Amino acid sequence: MTIGRFIALEGGEGVGKSTQSRLLAQALRERGLEVVMTREPGGTAGAEAIRALVLGTDGEGWGARAEALLFAAARADHVERLIRPALARGAWVVCDRFLDSSRAYQGGGSGLSDADIRQLHAIGSEGLLPDLTLLFEVAPEITAARLAARDVDGSDRIGGRPADYHARVAAAFAAYAQAEPERFARIQGGGAAEEVHHTVMAALAPWL
Ligand SMILES: Nc1ncnc2c1ncn2[C@@H]1O[C@H](COP(=O)(O)OP(=O)(O)OP(=O)(O)O)[C@@H](O)[C@H]1O
Ligand SMILES: Cc1cn([C@H]2C[C@H](O)[C@@H](COP(=O)(O)O)O2)c(=O)[nH]c1=O
């Protein structure tokens with residue numbers, strides 16, 4: 001049996017995570033590997049229901065603590081029902097966002113402590129971490145242009161937060177990658193999609 005790997009793709013809005021998830025999943029499948037491509041919040045029926053609750057724009061929204069609990073609950077279901085079983089049978093899991101999004105958004109953006117976010121993750125998901133987290137970094141003026149073209153009908157509740165919130169999120173991601181270089185690969189995502197994909201494959205080369 002092949003060894004399953006858990007790869008998370010992280011970064012702010014519009015940095016290309018979904019695009020690179022698709023390209024990565026396709027490249028791994030072409031190598032004959034079983035790939036489970038998934039996302040957070042989401043990936044299971046329960047977690048997708050929480051996604052609609054937390055990102056939908058109806059109602060008054062959530063306070064920072066309730067929001068952190070909702071993301072942790074979605075992740076707990078996702079880990080238990082989809083991610084752990086996939087890894088146990090030797091599949092590769094390609095996950096668009098994971099724990100570090102909670103640390104960066106609910107922590108760096110909304111001001112909860114990193115210890116609290118990690119504690120929620122310890123309770124909900126028994127502390128599962130990806131084998132590698134690809135952090136995509138793109139200049140804000142480039143992501144703004146991409147999102148203006150993509151989100152013509154408006155953004156979700158969190159994507160629509162002000163620029164200073166998203167600047168804190170980006171700074172938090174950068175600080176986590178700097179603190180744990182063995183867990184992160186930093187990818188400059190401002191080039192063409194195929195060019196960025198080559199950088200991703202180079203980061204994974206030791207396992208392929
Ligand atoms: N390297 C690239 N060059 C130009 N456009 C890109 C590139 N990568 C992605 N895009 C486009 O930018 C937009 C955002 O990309 P994508 O949805 O992959 O980002 P994301 O990080 O998953 O965003 P979000 O977190 O907001 O959902 C899409 O319209 C996509 O087609
Ligand atoms: C997992 C996770 C996500 N978020 C935020 C980040 C984005 O604004 C949305 C997800 O939208 P996407 O188009 O699928 O990227 O949710 C968060 O704040 N905390 C989290 O843990």
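From the backbone N, Cα and C atoms, a Cβ is placed for every residue, glycine too.
What TrEMBL says about this protein:
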- 9-198: domain 'Thymidylate kinase-like' (DOMAIN)
- Gly11, Gly12, Glu13, Gly14, Val15, Gly16, Lys17, Ser18: ATP binding site (BINDING)
| query | Taking the centroid of the Cβ atoms of Gly11, Gly12, Glu13, Gly14, Val15, Gly16, Lys17, Ser18 as the ATP site, which other residues of that chain lie with their Cβ within 8 Å of it, listed in sequence order? | reply | Phe136, Val138, Thr143, Gly189
| So how many other Cβ atoms are close to Val15 (ATP binding site), meaning within 10 Å of its Cβ? | 25
| query | How many other Cβ atoms are found within 10 Å of the Cβ atom of Gly11 (ATP binding site), counting all protein chains shown? | reply | 28
| field | Taken over the domain 'Thymidylate kinase-like' (9-198), the model's mean pLDDT | value | 96
